[in-house]
């Protein structure tokens, strides 16, 4: 039975056919003024087989959201997937996949050098007790270890 087309791009992705980790272009939108928004699916864990624990995911979200902007001014957002298998990276007016891979690599290398999770306090975070620098660094290290596979989505 054919699955009906959904409005959300990721709901149309056959999650049984992908091979994490990977980075893929999930969507492109052209604005009425000509701006281009590109959303990347940055998958760390194999869907329906593995997931990131919440404190590690939460800490990696904070670290990457802060650090990636040191490498790219066109980043709009870095947000976690509810399924806890990856993140979405959204950029403005930038459509160079190879450069995105490079800034992700640099960012993950910087995560490994971090000495604290940024904004992991009650004033700046809604769940400040839910962080682990070590867990975030383990996720970044595992992702970097598979750098050669990031372009192999499997679909």
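Including glycine, each Cβ sits where the backbone N, Cα and C put it.
Its Cβ placed at the centre, residue 58 (Fe cation binding site) has 24 other Cβ atoms within 10 Å. If you look up Swiss-Prot, you'll see 58, 62, 125 marked as Fe cation binding site.
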Hey, for the Fe cation site built from 58, 62, 125, who else sits with CB inside 8 A of the CB center?
-> 59, 61, 117, 119, 120, 127, 128, 130, 131
What is the total of other Cβ atoms whose distance to the Cβ of residue 62 (Fe cation binding site) is within 10 Å?
-> 21
Set of same-chain residues at least 6 away whose C-beta sits under 8 angstroms from residue 125 (Fe cation binding site) = 62, 119, 131
